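K.L.:
Attaching a single structure in structure tokens format; questions to follow.
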Amino acid sequence: MVFDSEKQSIVSLAQAGDSSSGGISSMKEHLIKENHHHSPEDYSVLAAIPSFLFPALGAFLFGYEIGATSCAIISIKSPTLSGISWYNLSPVDVGIITSGSLYGALIGSIVAFSVADTIGLRKELILAAFLYLVGAIVTTVAPVFSVLIIGRLMYGVGIGLTMHAAPMYLAETAPSQIRGRMISLKEFAAVLGMVGGYGIGSLWVTVISGWRYMYATIIPVPVIMGIGMCWLPASPRWLLLRSLQGKGNVENLQQAAIRSLRRLRGSVVVDLAVEQVEEILAELSAVGEDKEATLGEIFQGKCLKALTIAGGLVLLQQITGQPSVLYYAPSILQTAGFSAAADATRISILLGLLKLVMTGVAVIVIDKLGRRPLLFGGVSGMVISLFLLGSYYIFYNTVPAVAVVALLLYVGCYQLSFGPIGWLMISEIFPLKLRGRGISIAVLVNFGTNALVTFAFSPLKELLGAGVLFFGFGAICVVSLFFIYFIVPETKGLTLEEIEAKCL
């Protein structure tokens, strides 16, 4: 067979340099680090689109839920429009509805810790689509409050699985030249879903039982996502990792990886797929991926460094004020002359469109400029905007234009930096054999911190005042700049194996 001669050499390579404590010889790392001019991966754009589109639908469903739920709450609480007898909800009940999917996502992040290594990313996304579908149906037909919460939790578990598996699948299947663009487009899909949720919600919010129609409208999307993921192949790198670790028939797994690569890259690699699979196998073996990962490894050596980078980025993504600034957005714009009752939904759509445009800019330039320049530029703009917001609430509250400019600057800069790049970096920085567990921890940190910031915001606002709070967020952004400068590496144009060898 094609791989008979290669298998011996790969096994020999894996065994040759196992004397170091990290399981990787300095000679093998040197070979990859010297390979600065890795040949570009051939690919067909048409072949690459489906491998992005169907995982991105999961991100779209996440964003849609955020937008639709903000409108659904208005409908559910209305005595005349809710169409239910239990519309008189307490603030705690409303909080449970709005955060139900968030807590479901936390559960999904925990479940995802080992599921990707067991069933693979493709099947994990199929499971996520199923949970999205069931969650949307249960929410739509919920006869009582408790059933509504069950539906929200199930939908949230789908979110947790998606935000774990989608960036990983894209990172492992996308050509290195456009990997940043593809994963950033996932964030674009989430923002597009958010805008869509606001738009659909505004159409149904004045209709009796309109909240049911808001969730029913999205039901076909998880069906399409699930069918699409059933059609897509498994990640070639996941198949080859299982091959190297002896989890299945080696020959069958390697042949499946060749077929997968040909489908993902298109006809331009039909003759080159075998050679590319051999390259990936050699590189995986050279960085020690042929050995079974242990749980303790995630907190050691290069895996600990990857966890520090990924965990730090998603932590800073939340504690630099993004949920709080968006919470304040309607009141800030009201001071500039907007009406709270008539224009709340339009304001949300306006901000969503701005997020969409700026995410589109990031998608276009991320593989040209790199990750670090966008992080530096975007976070620097966030520092300025947060200090402006703090100044508005303390010193310039008679000049609403200051607040409006600061708000728009913040939203735009966030979508150029932490918004897309946080998810991009966590998807590509972990070693392959621990990527599933590493990203699961990062996603758990993301949703957990989001819940904590959302919970703590109101009491902190009462205790410190909005101005001091925004100054505090600005100070955290300054700390973020130091973190980016000293800790975060540049991964533009590198294959996943090169990232592991050069950046960790």
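Every residue gets a Cβ built from N, Cα and C, even glycine.
Remember, TrEMBL labels are computer predictions, not curated facts.
Here the structure is a predicted model, which means the values were calculated and not measured.
Features from TrEMBL:
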- 51-492: domain 'Major facilitator superfamily (MFS) profile' (DOMAIN)
- 52-76: transmembrane segment (TRANSMEM)
- 96-116: transmembrane segment (TRANSMEM)
- 125-147: transmembrane segment (TRANSMEM)
- 183-207: transmembrane segment (TRANSMEM)
- 213-234: transmembrane segment (TRANSMEM)
- 347-366: transmembrane segment (TRANSMEM)
- 373-395: transmembrane segment (TRANSMEM)
- 401-426: transmembrane segment (TRANSMEM)
- 438-457: transmembrane segment (TRANSMEM)
- 463-488: transmembrane segment (TRANSMEM)
K.L.:
Would you mind listing the long-range same-chain contacts of the transmembrane segment (213-234), meaning Cβ under 8 Å and 6+ residues beyond its ends?
P.N.:
50-51, 53-55, 57-58, 60-61, 64, 68, 71-72, 75, 120-122, 125-126, 128-130, 132-133, 136-137, 139-140, 151, 158, 197, 200-201, 204, 207, 256, 259-260, 263-264
K.L.:
If contact means at least 3 Cβ pairs within less than 8 Å, sequence distance 6 or more, would you call the transmembrane segment (373-395) and the transmembrane segment (463-488) in contact?
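P.N.:
Yes, the stretches contact each other.
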K.L.:
Pairs of Cβ atoms less than 8 Å apart decide it: which stretch in 52-76, 96-116, 183-207, 463-488 has the most with the transmembrane segment (438-457)?
P.N.:
96-116
K.L.:
Near the transmembrane segment (96-116), which residues from the same chain, at least 6 beyond its ends, have a CB less than 8 A from one of its CBs?
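P.N.:
Same-chain contacts beyond the flanks: 65, 69-70, 72-73, 76, 89, 124, 127-128, 131, 135, 148-149, 152-165, 168, 435-437, 439-441, 443-444, 447-448, 450-451, 454.
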K.L.:
What residues in the same chain, six or more past the boundaries of the transmembrane segment (183-207), come closer than 8 Å to it by Cβ-Cβ distance?
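P.N.:
Sequence-remote neighbours of the transmembrane segment (183-207) are 52, 55-57, 59-72, 74-75, 81, 166-167, 170-171, 174, 213-214, 217-218, 345-346, 348-349, 352-353, 355-356, 359-360, 362-363, 366, 415, 419-421, 423-424, 427-428.
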K.L.:
On the 0 to 100 pLDDT scale, where does the domain 'Major facilitator superfamily (MFS) profile' (51-492) sit on average?
P.N.:
85
